[in-house]
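Quick notes on the structure that follows.
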Amino acid sequence: MSTFSSSGPGRVGGCPDGTFCALLAGLCSVRHGLALILQLCNFSIYTQQMNLSIAITAMVNSTVAPSQPNVPAYDWSPEIQGIILSSLNYGSFVAPIPTGYMAGIFGAKSVVGTGLLASSVLTLFIPLAADAGVALLIVLRVIQGIAQVMVSTGQYSIWVKWAPPLERSQLTSMAGSGSMLGTFIVLLTGGLICQNIGWPYVFYIFGGIGCACCLLWFPLVYNDPGNHPFISAGEKRYIACSLAQQDCSPGWTLPLKAMILSLPLWAIVVSYFCEYWLFYTIMSYTPTYISSVLQTNLRDSGILSALPFVVGCVCIILSGLLADFLLSRRVLRLVTIRKLFTAIGNGPAGGRRGWGGSFHGTTMVFLALSSAFSSLCEAGVLVNFLDIAPRYAGFLKGLMQIFAHIAGAISPTVAGVLINQVRPNVLMNVHKRNSQRLCHSH
């Protein structure tokens, strides 16, 4: 089939520049609209994941702003604060695999939509739960964490029937970029919201945005292009033709023995673990590094901490477009593209985290480069399971999430031990350099 309709690659509507017009028409398609809705969902989920981490400094008695006498404050010890923050992940080790499996059987629309609605509503109730007591707040956070796993795991099942192989990278990366965008926005605005109108509004605002996303999700998202009321016949035909050779039908049984013996699957698992080890390390300690080593105030620390994530958001989208371009033009094979993007994403990204010193400009450049390189993995290993076994995409994504959460549980602890060993020397060097700068300035 040499040409396609206006929703697929090829000459479009007699346009002399068929490639450009096909790209423009493709970006206006229902499948790209679905990617944008998923981007908003991921944006909401990540703001809801991080909002308590931002607000908790304003929630405890020792740091409450004196200009806000009507805002509640709590006498929580550092140990209690740690339990509250980590409680979001308590269900993360058991929920991904059942969630992914059910999304593959019953469809992502109901699983993701239910998870997004539940997480958003529970976010609105966090201030009330905090007033009621720590125990209720922890229970709410555990349930909220399970709901958020439903969104992050279940969404990949929808691309099994919606993403043509030549557009798989760009669609998944566009949707996944919402996580970086959400992290950027909550780091940038969370502190300002707490400072100016009070910490409860962090939960009201981002919980309300999540509820608004549900109003888009349920009426506009369908598990199968064949059932969508607004899709054009041309786009429906293009997707069906591109997926004709792919087994998309879900099944209740799983080839567990074949999965256990699959070396490509284990390679993806190991790469997933390594990528999320780096991700959770930078997520956990970038704000602390910027505030303590670079000696910045709270406002500047939030802005500087957010910058690498907006770079990552842009680069995730560009990496997906680049991967699909290389595949559609047959510059590289699919397996070569996935390996190349994964190697570049994990290699230089990890190396650049070890440099920067205590100089603001150099450090921020390396942090931005690290985020840019690691975003390439979104078009590499993070989508590779859709290539090797699309029929079991939901279950495999759940399996990957388990290893991602294991990395998230271990890496901050290991980094904390290493930081504790070198922290006195680092701070002494920072103090010495700052003293030298003051002397030179005078």
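For all residues, glycine too, the Cβ spot is worked out from N, Cα and C.
The domain 'Major facilitator superfamily (MFS) profile' feature in TrEMBL is assigned to 34-442.
Taken from TrEMBL, the feature transmembrane segment applies to 101-125 (among others).
Same-chain residues lying 6+ beyond the ends of the transmembrane segment (132-151) with a Cβ under 8 Å from its Cβ atoms: 41-42, 45, 48-49, 52, 76, 80, 83-84, 87-92, 95-96, 99, 103, 111-112, 114-116, 118-119, 122-123, 125-126, 401. TrEMBL lists 132-151 (among others) with the feature transmembrane segment.
Note on the transmembrane segment (171-194): residues 31-32, 34-36, 38-47, 50-51, 54-55, 57-58, 65, 155-156, 159, 162-163, 201-202, 205-206, 283, 287, 298-299, 302-303, 305-307, 309-310, 312-314, 316-317, 319-321, 323, 371, 375, 378-379, 382-383, 386 of its chain, located 6 or more positions outside it, place their CB under 8 angstroms from a CB of the stretch. The transmembrane segment feature in TrEMBL is assigned to 171-194 (among others).
Look at TrEMBL and you will find 201-222 (among others) tagged as transmembrane segment.
Look at TrEMBL and you will find 259-282 (among others) tagged as transmembrane segment. Within its own chain, the transmembrane segment (259-282) is flanked in space by residues 308, 342, 345-346, 349-350, 353, 367, 370-371, 374, 377, 380-382, 384-385, 388-389, 392, 396, 399-400, 403-404, 406-408, 410-412, 415, which lie at least six positions past its ends and keep a Cβ under 8 Å from the stretch.
Residues or ranges marked as transmembrane segment by TrEMBL: 303-323 (among others).
Taken from TrEMBL, the feature transmembrane segment covers 364-386 (among others).
Per TrEMBL, the feature transmembrane segment maps to 398-419 (among others).
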